[in-house]
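Engineer: Grabbed the feature section from TrEMBL, which reads as follows:
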type	residues	note
TRANSMEM	B:6-23	transmembrane segment
BINDING	B:D147	Mn(2+) binding site
SITE	B:E178	site 'Interaction with galactose moiety of substrate glycoprotein'
ACT_SITE	B:E230	active site, proton donor/acceptor
SITE	B:Q268	site 'Interaction with galactose moiety of substrate glycoprotein'
Number of protein chains: 2
Amino acid sequence: MVKSTIKLFYTGAVVFVLLIFFIDREILPESVRLLGKGTAEYNDQTIYGITSTYARLTQKADLTRLIYTLMHVPNFHWILIEDSVEKTPLVRRLLQKSGLKYTHLNKKNKKNSHHKSGVKDLLTRNAALAWVRNNVTQGVVYFMDDDNTYDLKLFEEMRTTKVASVWPVGLVGGLVVEGPVRCKNGKVLTWRVTWETNRTIPIDMAGFAINTALLRQHPDVKFVDAFDLESIFLGDLGLTRDKMEAKGNNCREVNVWHTQTAKANLYQEKVAQQLGDEYNPIIET
Amino acid sequence: MVKSTIKLFYTGAVVFVLLIFFIDREILPESVRLLGKGTAEYNDQTIYGITSTYARLTQKADLTRLIYTLMHVPNFHWILIEDSVEKTPLVRRLLQKSGLKYTHLNKKNKKNSHHKSGVKDLLTRNAALAWVRNNVTQGVVYFMDDDNTYDLKLFEEMRTTKVASVWPVGLVGGLVVEGPVRCKNGKVLTWRVTWETNRTIPIDMAGFAINTALLRQHPDVKFVDAFDLESIFLGDLGLTRDKMEAKGNNCREVNVWHTQTAKANLYQEKVAQQLGDEYNPIIET
C-alpha cells in the first residue's frame, strides 16, 4: 500500500516535469529559455515606467491625472524625466505629493534630423535607460506618455514579461487599434499596421515592455534618431516578431490608448493680463 | 467646589455659543444661516458628481482615466448619464468594473437654438438633477466633464459646501485661470473673467458645487438653453456673488482643469479595413 503510493507519486512527478518541459517548449520563445527563468519568478516583478515630460499649459493636469492611475499600480517605480535643463519645482512637488515610488531625472532633448520637431524624447528616453541599467537588477521597463490612458489590467499583464511583450494599442498610427490583433498561445499571428508594415516589429512605444535582463544583455542598445525608433530599438535588442510575448488577453483587448490632450487655447489671456495685478495673482497652474 | 465647577461650565458654554454665533455671522453668507445648519454636519457629506457622456472614439479612454481618479474619492456617488436613447454595454461594463458607487442614466440631448451644436448636455444635466431631487436627501452636487482633470483636493474642499461654493478653474474661457482669484474669509473679492463679465456669477460649470438642500428649496430650477447657463442656473437658485463660499485655499489654487482630449485622427483606418477580416477582429475600444 505504502510502496504503491510512493510509486504513484514518483510517476506523477515525472509526468508533471515532462509536461512542464513540453508546455515550455510549446509556448515560450527561445530567448526566454536562454535567460533560464521560471514563470513564477515574473509574477511580482517591479514595473519601471519611463515617462518624458515637458513644460506646457496642460502639463500639471496631465501629470496629476496619470499619477492617480499609477497610485493604483502595485510594485511600480516611476522614472519621470523632465525635458529641461533643470528639474522644476512644479514636477518635484507633484512627485513628492503623489506617494509614488519614483526617480526624478532631467535631460534637455535636442532637435534632430528626422522630424520637423525632432524624434520625440530621444535623449530623455536614453538617459532613463542608462539610469535603469545602472540601478535596476530585475524588473520590466515600459515607456509611458504623460497624456496616454492606461487600464490597470495592462500593468498586471506586462508584469509577467520574461523577455519582451507586446499588445494592441488604441488610437495610434491613424488607426482605432494598431499592433497585434490575433494571437495564440502567446504568439502574434496578425499585426494590424498600415505604416511601414515591413518593420522588424511594427509597434508603437506604448505597445511593448521589456525585461531589464534584456537591457543588461545588450548594454549599448539605445534609441536612435529615426522615425521607426521603436522597431529599431527592439531589433537591436535581438528581438524578432515571434520572440514577442503576446499580452492583452491574447491581443483581444485594448488596455492602452494613445490619447492626446488638446492644446489649450488662451485667446483671452492678454485681455485678462491688462486688467492689472489684482486680476493676475500668481497661481501655479 | 461643585457649585463653582458648574458655574464655570455654564459660563464656558455661554461664551462658546456666543463665539460660534459671531464666527458664523462673520464668515458664513446669509443663505447658510437660513438653512440653519452647523459646520460639522458638512464634513462628511456625499458628493454627487454628475457627468454627461457620449459615444466617441476616446470615450472609453476618458471614462477609464476619470474612474481611476474617482476611485480615490471617499463618499462619492457618480451619476453618469449617457447622451443616448439607450444605455450602452460599454459604459455599463466600465461602471460595474469600477467598484464606484454609481447611478447609470440615459437621456438623448437635442440640438437647440443658442449654439451651432446646441448648448452642451442640457437635457442630460436636467435629467440628472431630477434624479437627485427624487433620490437624495443630503449631499453636494458637482457637474463634471468626462475629460476634465480633477485634483483630489477639490473634492475635499467642495465636500463642506453649505449652500453653494466656487473656486478657480484652469484652462477655460480662453484663460489660464478663470473665476475667483482673490478671496478672503470665504468671500470672493476678485473675479477673473473676460467673457460677459456682468453675469450674475461668472463661473464655468467646473467651478461650483451646490448643496442638495438648495435644489430642494427651489424644486423647479433647471438649466436653460443659453450660453451663460451656469450663471442663470445659480441666479435662479437665489445665489449672488457674495453668497458663494470661496474654496481653493481662498482661491489661491487651481484644482480642476478644463482639459479636452484631442479628437482621434483615423486617417489610416479605411486602409486597414480593406485588409480583410483577419486584420479586423472585433475588439472593443
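Keep in mind that glycine also has a Cβ here, set from the backbone N, Cα and C atoms.
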Engineer: Between B:E178 (site 'Interaction with galactose moiety of substrate glycoprotein') and B:E230 (active site, proton donor/acceptor), how many Å separate their Cα atoms?
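Structural biologist: The separation of the Cα atoms works out to 14 Å.
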Engineer: I'm trying to understand the geometry here, so how far is the Cα atom of B:Q268 (site 'Interaction with galactose moiety of substrate glycoprotein') from the Cα atom of B:D147 (Mn(2+) binding site), in Å to the nearest whole number?
Structural biologist: 25
Engineer: The residue listed as 'active site, proton donor/acceptor' to B:D147 (Mn(2+) binding site): how many Å between their Cα atoms?
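Structural biologist: If we compare the Cα positions of the residue listed as 'active site, proton donor/acceptor' and B:D147 (Mn(2+) binding site), the gap is 19 Å.
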Engineer: Secondary structure at B:D147 (Mn(2+) binding site) (DSSP, helix/strand/coil)?
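Structural biologist: Assignment for B:D147 (Mn(2+) binding site) reads coil.
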Engineer: Give the number of CB atoms, excluding that of B:E178 (site 'Interaction with galactose moiety of substrate glycoprotein') itself, located within 10 Å of its CB.
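Structural biologist: Counting Cβ neighbours of B:E178 (site 'Interaction with galactose moiety of substrate glycoprotein') within 10 Å gives 27.
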Engineer: In sequence order, which residues at least six apart in the same chain have a CB under 8 Å from the CB of B:D147 (Mn(2+) binding site)?
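Structural biologist: Result: B:T58, B:D62, B:L66, B:T259, B:Q260, B:T261.
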Engineer: DSSP three-state call for B:E178 (site 'Interaction with galactose moiety of substrate glycoprotein'): helix, strand or coil?
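Structural biologist: Going by the DSSP assignment, B:E178 (site 'Interaction with galactose moiety of substrate glycoprotein') falls within a strand, counted as strand.
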Engineer: Quick one, of the recorded positions B:E230, B:Q268, which Cβ has the fewest other Cβ within 10 Å?
Structural biologist: B:Q268
